[in-house]
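Chemist: Below is a structure I'd like to ask you about.
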Amino acid sequence: MGIFKKLGWFFKKEKTRYIIGITFLALTSFANLVPPRVLGLMADQLDQGHISWGQYGMLILAVIAAAIVLYILRYFWRKQIWGGAAELERQMRSKLFAHFMKMDRTFYQRHRTGDLMAHATNDVSAIQNVAGDGVLTLVDSLMMGVSTMIAMIIFVDVRLTIVALLPLPFLAWGAQKLGNRLHDAFNESQAAFSRLNNKTQESVSGIKVLKTFGQGKEDTAAFDKMVQDTIKINRRVFVWDSLFDPLGTIIIGLTYTITIIYGGLLVTNHVLSIGQLVSFIAYIGNMVWPMFAIGYLYNILERGSASYDRVQKLLDEQPLITDAHADESLTAKDIDGDLKYQIKSFAYPDEKDIPVLQKIDFTLHKGETLGLVGRVGSGKTTIIQLLLREFDDYDGQIALNGHDIREIPLNVLLRQISYVPQNNYLFSTSIQKNISFSQADAGDNQVIEAAKKSDLHNDILQMPRSYQTLVGENGVSLSGGQKQRMSIARALLKHSQILIMDDALSAVDAKTETEILKSLKKERQGKTTLIAAHRLTSVMNADLILVLKNGRIVERGNHEQLLSEDGWYAEMWRRQELEEKVGDANE
Ligand SMILES: Nc1ncnc2c1ncn2[C@@H]1O[C@H](COP(=O)(O)OP(=O)(O)OP(=O)(O)O)[C@@H](O)[C@H]1O
């Protein structure tokens with residue numbers, strides 16, 4: 001029952017809806033008492049042999065009226081109570097989604113995407129069940145059980161009621177025990193099914209690798225074993241499930257037997273009329289559901305409560321990045337200026353002892369371009385992540401137009417930045433929508449313009465439905481270079497003060513790179529651009545190039561200055577130039 005307390009905030013908010021729903025539900029239970037009573041009266045009159053067609057008609061009309069009233073009442077309580085459950089589901093999902101949007105990278109490192117999805121689907125469904133099935137079962141079984149018992153005592157006989165209902169608590173007990181077993185077995189079967197799904201997905205995605213490494217047979221054998229295991233676990237579900245119905249049949253059969261023997265005795269001794277016995281037998285039918293319901297309710301509430309705790313635990317996690325120190329008066333205009341990094345040191349939260357950045361000092365004037373180069377793992381992406389406020393906990397400061405970025409409201413800061421990440425993300429929708437994602441109100445011409453600037457327009461024209469072609473799971477698959485150019489088009493459409501490209505040209509050829517850089521230069525005039533790259537031609541026109549090694553700046557300057565320094569940059573430049581020439585000669 002604790003779950004009803006936990007959900008108190010919701011029931012309070014939806015008070016009216018539930019009061020109406022429960023009232024109609026209670027009326028339904030009372031209306032359910034009518035048909036058995038009418039049946040009894042009919043039996044008595046038949047027994048006494050003095051029933052007229054008129055009386056007969058009246059009784060039939062009473063049963064029909066009860067059925068119509070039941071129909072209407074059911075419609076109303078269903079609408080109220082199921083509506084309430086759907087509303088709770090909506091609120092919980094929105095809460096979770098808003099929370100996911102607020103959380104930072106460390107949250108996603110702690111929780112796997114699959115688990116988060118399970119919370120947003122299975123757990124929310126279990127909680128929703130409390131507000132729907134849970135409330136219904138509790139109120140309905142209580143009302144129906146109690147009112148039927150009262151009707152049995154008033155209209156029939158208290159002794160018969162006590163004796164006949166003796167076996168029913170065993171039904172409640174058995175239903176709860178079996179329900180638990182069934183629930184555990186069902187959970188196991190779900191987990192097994194999900195493992196099977198993951199395995200299928202993995203094998204299908206990696207089918208080429210499996211085949212080229214000659215692992216096809218082994219993988220098929222492993223898959224077969226997994227299928228066998230899944231079937232074994234599923235069989236357990238069927239065993240528990242098939243014990244459920246017979247339990248009901250035995251106990252209800254016992255109740256009927258007792259009723260017929262003891263009730264028959266009472267009729268013979270003229271303590272009861274035939275009609276009363278007929279009503280009683282019909283009332284037993286009304287008692288079956290409340291008894292099953294006790295076990296059923298227990299499971300719904302237990303599951304709902306466990307799910308609620310799991311979801312609440314997630315919601316209680318606080319993001320590391322907040323607007324706690326933000327100066328809410330700052331606007332886009334206030335932060336339009338120089339970008340200044342003065343970082344003494346930074347370490348990732350899960351590896352606090354290993355500084356990833358040290359002494360990162362530089363100023364990039366408004367409108368300038370910064371190039372970040374260095375070996376794999378030298379710290380290029382980390383420098384970018386700090387500007388995107390993925391992490392706030394560093395020694396030093398990053399300032400935009402003199403304002404510490406931790407004092408700029410997150411949405412103000414992020415709205416001024418366009419970011420092309422290393423891993424491009426495409427949505428399962430049209431190319432047009434993928435590009436205009438950053439600017440939903442962009443017109444067709446603007447989208448085409450952005451695609452032209454990122455050298456993607458001609459590729460799109462070749463596609464089956466041009467800009468309306470679907471990409472992702474249900475559509476065409478794009479090459480690595482096309483995905484990168486689509487991400488660039490999306491970023492260019494936003495016209496933001498700062499553009500960040502993290503290794504965003506790695507999958508395009510040299511000629512395409514030159515074209516894109518040329519349009520970027522034109523497009524980004526007067527606006528700040530940060531480019532992290534392995535290919536030095538991507539940054540050769542930058543105003544300032546930083547060479548990083550183990551998280552420190554080891555060389556800095558523009559292209560000419562760095563060449564004349566004859567350090568890592570110059571050596572890398574010569575090597576890449578040579579590789580380019582060899583590549584061209586081979587073509
Ligand atoms: N989330 C993280 N937690 C802990 N360490 C990390 C995390 N992300 C990166 N690192 C480490 O920080 C260092 C710098 O990584 P970073 O990704 O900034 O390098 P990079 O120069 O961008 O590399 P690449 O050229 O491969 O993109 C590396 O040693 C990396 O292993």
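Cβ coordinates come from backbone N, Cα and C, glycine included.
Annotations for this protein, taken from TrEMBL, read as follows:
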DOMAIN    19-303  domain 'ABC transmembrane type-1'
DOMAIN    341-575  domain 'ABC transporter'
TRANSMEM  16-33  transmembrane segment
TRANSMEM  53-73  transmembrane segment
TRANSMEM  150-173  transmembrane segment
TRANSMEM  247-268  transmembrane segment
TRANSMEM  280-298  transmembrane segment
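I'm curious about the neighbourhood of these features; can you describe it?
Modeler: Only residues 6 or more beyond the boundaries of the transmembrane segment (53-73), in the same chain, are considered here, and those with a CB under 8 A from a CB of the stretch are 24-25, 27-28, 31-32, 34-35, 38-39, 41-42, 45.
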Chemist: So which residues does the transmembrane segment (16-33) touch in its own chain, when a touch means Cβ under 8 Å and the partner is 6 or more beyond its ends?
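Modeler: Sequence-remote neighbours of the transmembrane segment (16-33) are 66, 69-70, 73-74, 76-77, 79-81, 83-84, 87, 135-136, 139-140, 143-144, 147-148, 151, 283, 286.
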Chemist: Along the domain 'ABC transporter' (341-575), what average pLDDT does this model show?
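Modeler: Mean per-residue confidence for the domain 'ABC transporter' (341-575): 91 out of 100.
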Chemist: Going along the chain, which residues at least six beyond the ends of the transmembrane segment (280-298) come within the CB cut-off of under 8 Å?
Modeler: 32-33, 35-36, 39-40, 134, 137-138, 140-142, 144-145, 148-149, 151-152, 156-157, 160, 164-165, 168-169, 171-179, 248, 252, 255-256, 259-260, 263
